[in-house]
Amino acid sequence: MAETDVRSNRFSRQIGYVHCFADKVKRFPGLARRETWKVGKDDPRRVVHAFKVGIALTIVSLLYLMEPLFKGIGQNAMWAVMTVVVVMEFTVGATLSKGLNRGLGTLLAASLAFLTEYIADAPGQIFRAVFIAVAVFIIGTMTSYVRFIPYIKKNYDYGVLIFLLTFNLITVSSYRIDDVWGIAQDRIFTIAIGCAICLVMSILVFPNWSGEDLHNNTVSRLEGLANSIQVCVREYFNDSEESACQDDSSEDPIYKGYKTVLDSKTTDDTLALQASWEPRYLRYCHRTPWHQYAKVGAALRYFSYTVVALHGCLQSEIQTPKSIRALYKDSCIRLGEEASKVLRELAKSIRNNRKFCPEILSNNLKEALQNLNSALKSQPQLILGSRNSRATNTPVQAVQHHDQKLEEDTRTSLPGIKNTGSSSRLGCRSREQSRELTKKVLRTQLSKVAIVNLEFSEALPFAAFTSLLVEMVAKLDRVMDEVEDLGRMAQFSEYEDDGNDHKIVVTCENQSGVASAGSE
């Protein structure tokens, strides 16, 4: 009977697995359709890029499919197809980086392989084999070591890899094939055709520039952080109880604002590297300082840590009463609004390629800080807690008092125990029970102490919230400095403040180092 039950249970589990797998197969078409639609809806350029790759592969395949072209190139036409598959990337910068690395690596490797074959061919067959083996060892060792250099790893790693691959293919195969120069020439020619098709499709047909993506991403992250701060401060004073109960952070606008900033390091570094390959120039043939965009992203990540902590205050289990928060509501909201305005002004400056005036932004922040400082000084006892709470027992005193009482109870309850083996075991058990009882009573005592000191503990979250606001303003200076450096390096246009009666043009610093302003 037991064996029959085991078999029936195993059979029922297998039937369940089959039903589960069939369920997944039925749902797969719908999931695939929704995911495919979502990818294209999030960024329609992906659909265009897919068509561009398909057209490029069709064009390069004609080298292999058409008889006249195949006779001229032969089996090496497949290298052109492989080049398009590997080199064709989403952005122009990535395509240029891979294409130039592949072309340069192939050219250098073919030249070095031809030189190696020329030297090894003179003395004889045995020396030729030894020389090729030594050359492969030396070049392979040196090339692999060079790839560890940070600058080479960052900019030319793919080119070095192609160099090593091409050199070994041509050099080793040259031992059995006489026409080495023909092999190198065909390889270079087919790779050049593939790279040319990729560059034409990437640059001339609906190009996607890495620099534009980096530029737009920086602007959107500044605006996202501004929205996060604004919503966070308003919710803390209006609907903090409701926001603290929210468990799904994926739908939280505050979380969305700083999440993209925290996850931006890899994307920013990659886009900045790819954009450095793109032929994008400013006035007077100056290149755009894409590396400075990466520094702005680093400053934003450093700043966003404070926003994360500020968001944590909303989700704290202990909250300051609304009656206390209402006294400082206007000052805190004003400070949060000013910080949001600064971030939006920085985003506007980058979007329009126009400088901003740091003096105006700093003055507004200083006024908001002074307003909050005055509000805190006007009611300091609300932050420090009630004086009556100082007279209550502390948790340490409560624990010490309970321990003394427990020892007295233990002594009176065990007056006649002798020092025997059984009595020692009984004593150990009684001590374990007393420890468990101590933990239970300790938690009860601590909860009572927490209730007594609730007024002071409720003031602490608000003190943390205000200190984070001040810290956020202090870290905002670093972001302003990086954006100001970006405007100077990228030669943004001068700041203009359009008023009703006159226009003020502010130049932050002239050649003599003195700030100047002009008005009309």
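A Cβ is built for glycine as well, from the same backbone N, Cα and C atoms used for every other residue.
Per TrEMBL, transmembrane segment is recorded for 47-65, 77-96, 103-120, 126-146, 158-176, 188-206. What TrEMBL lists as region 'Disordered' is 398-430. Annotated compositional bias 'Basic and acidic residues' per TrEMBL: 400-411, in sequence order.
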Using a threshold of three or more Cβ pairs below 8 Å, and leaving out pairs closer than 6 in sequence, do the transmembrane segment (188-206) and the transmembrane segment (77-96) count as in contact?
yes
In the same chain, which residue numbers or ranges, 6 or more beyond the ends of the transmembrane segment (103-120), come under 8 angstroms Cβ to Cβ?
127-128, 131-132, 135, 139, 158-167, 170-171, 174, 180-181, 184-185, 187-188, 191-192, 195
Cβ under 8 Å, sequence separation of at least 6 from the ends of the transmembrane segment (47-65): give me the contacting residues as numbers and ranges.
40, 73, 77-78, 80-81, 83-85, 88, 90, 190, 193-194, 197-198, 201-202, 205-206, 208
